[in-house]
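Per Swiss-Prot, the features are as follows:
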- ASP248: active site, proton acceptor (ACT_SITE)
- GLY86, GLY88, ARG89, LYS109, ASP121, GLY122, ARG172, ARG179, ASP258: ATP binding site (BINDING)
- ASN249, ASP258: Mg(2+) binding site (BINDING)
Amino acid sequence: MTLSFTAHWRDELPATYTALLPTPLKNARLIWYNDKLAQQLAIPASLFDVTNGAGVWGGETLLPGMSPVAQVYSGHQFGVWAGQLGDGRGILLGEQLLADGSTLDWHLKGAGLTPYSRMGDGRAVLRSTIRESLASEAMHYLGIPTTRALSIVTSDTPVQRETQEAGAMLMRLAQSHMRFGHFEHFYYRREPEKVQQLADFAIRHYWPQWQDAPEKYDLWFEEVAARTGRLIADWQTIGFAHGVMNTDNMSILGLTIDYGPFGFLDDYDPGFIGNHSDHQGRYRFDNQPSVALWNLQRLAQTLTPFIEIDALNRALDRYQDALLTRYGQRMRQKLGFFTEQKDDNVLLNELFSLMAREGSDYTRTFRMLSHTEQQSASSPLRDTFIDRAAFDGWFDRYRARLRTEAVDDALRQQQMQSVNPAVVLRNWLAQRAIDAAEQGDMAELHRLHEILRQPFIDRDDDYASRPPEWGKRLEVSCSS
């Protein structure tokens with residue numbers, strides 16, 4: 001089957017990009033590709049059989065129909081207007097046309113200098129591309145909306161970060177790379193007609209059912225807000241901290257995008273800060289819902305030329321509703337509740353208080369809880385708490401709540417084990433794969449990718465364990 005590419009963005013939004021070609025790396029070579037995703041997208045295996053160079057995966061060649069562009073956008077970074085930003089090291093190669101008529105962006109990250117590189121070098125490093133590939137695939141298999149990773153290329157091109165590292169490229173796929181920052185760019189340039197063109201493009205390609213509706217813009221922004229709310233609820237329930245929730249890193253489609261200084265919770269710490277550059281803790285774990293709302297408010301401001309204030313406020317309310325509804329549903333599933341009862345939040349918050357006090361592992365606590373037997377007063381989870389009396393009191397109340405459900409242990413455990421993963425991408429697991437890859441050993445990278453495809457299967461090895469001492473509180477930054 002021949003791959004078919006189109007260029008809707010390039011053809012329909014001429015003010016939003018610069019056309020240019022990728023700049024290949026020195027002695028580039030393909031070290032990993034996503035075989036399952038490639039099969040789903042009918043990408044010929046021969047494209048990955050590159051023995052001389054890195055082909056399209058390293059920006060050395062283009063596939064028929066590709067029309068590369070670097071997109072321009074602006075944004076608020078750490079709550080401050082940063083002005084023009086844009087694709088400083090990434091290039092949208094083209095949009096794959098799928099069988100159902102939809103499209104999929106092929107975005108090459110680390111593709112070289114663009115007009116939007118500012119003071120950067122246009123490059124990505126092996127460390128950051130490995131982290132993003134692992135994180136995006138981990139999130140996908142956890143059921144959380146995300147961009148996807150298709151391939152990684154490394155090279156002999158030296159790139160200076162905190163130390164000198166190997167230049168690399170990541171092929172990232174997404175239904176769209178449209179960001180809140182695209183709208184901000186033209187709003188602050190006082191070009192409202194281009195803001196509206198962006199909204200029209202989004203509706204035409206991603207919500208075509210509303211194209212002819214008189215209230216199409218109201219419906220669209222309300223859905224953007226709702227998707228954002230559901231995404232943040234998913235992050236909070238799985239224990240994911242994005243680390244750099246600038247408006248230019250927010251997806252119009254409600255996807256997790258731009259994996260940098262992210263982190264999955266080890267110990268339960270609601271104030272967890274993944275990004276060591278976030279000195280004020282703006283993007284700490286428990287502040288993510290508030291930041292997402294703030295970002296939506298910035299987006300809403302750009303839409304005031306063609307959406308009434310009342311409609312914008314209704315959409316922002318929809319964010320709160322979607323967030324709380326999804327969060328409640330997810331947490332009840334994690335606790336094994338099939339019905340909603342008024343004291344559920346009390347029980348959940350009591351557990352969180354216990355976990356925070358004891359430094360309990362977030363992922364392992366919920367996974368162990370999912371093996372609870374309703375009639376048994378004992379639990380393997382008990383041994384992980386120092387204050388056994390406090391745990392026993394909570395566990396008695398929890399089992400009493402389970403007895404109000406007309407559901408047997410097997411069905412409840414099955415539900416809980418389908419939403420409480422045994423494995424998440426802890427920073428130390430990613431770092432172990434990175435350390436090996438930087439020495440030329442890609443086995444751990446491939447192994448970890450395979451394991452992350454089955455996060456809900458119990459394991460008795462270190463992929464499901466707490467981090468070793470060296471792996472606790474690893475510092476990551478935007479260069480990660």
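Positions of Cβ are set from backbone N, Cα and C atoms, glycine also.
Annotated pair GLY86 (ATP binding site) and ASN249 (Mg(2+) binding site), C-alpha to C-alpha distance, rounded: 11 Å.
Fewest other C-beta atoms within 10 angstroms, among the recorded positions ASP121, ASP248, ASP258, are seen around ASP121. Following the DSSP three-state reduction, the secondary structure of ARG172 (ATP binding site) is strand. Taking CA atoms as the reference points, the residue listed as 'active site, proton acceptor' and ARG172 (ATP binding site) are 17 Å apart. Using a 10 angstroms CA-CA radius around ASN249 (Mg(2+) binding site), none of the binding-site residues in ARG89, ASP121, ARG172 qualify. Considering other CB atoms within 10 Å as the measure, the emptiest surroundings among the binding-site residues ARG89, ARG172 are those of ARG89. Secondary structure at ARG89 (ATP binding site), as computed by DSSP, is coil. Annotation note: the residue listed as 'active site, proton acceptor' sits in a helical segment as assigned by DSSP.
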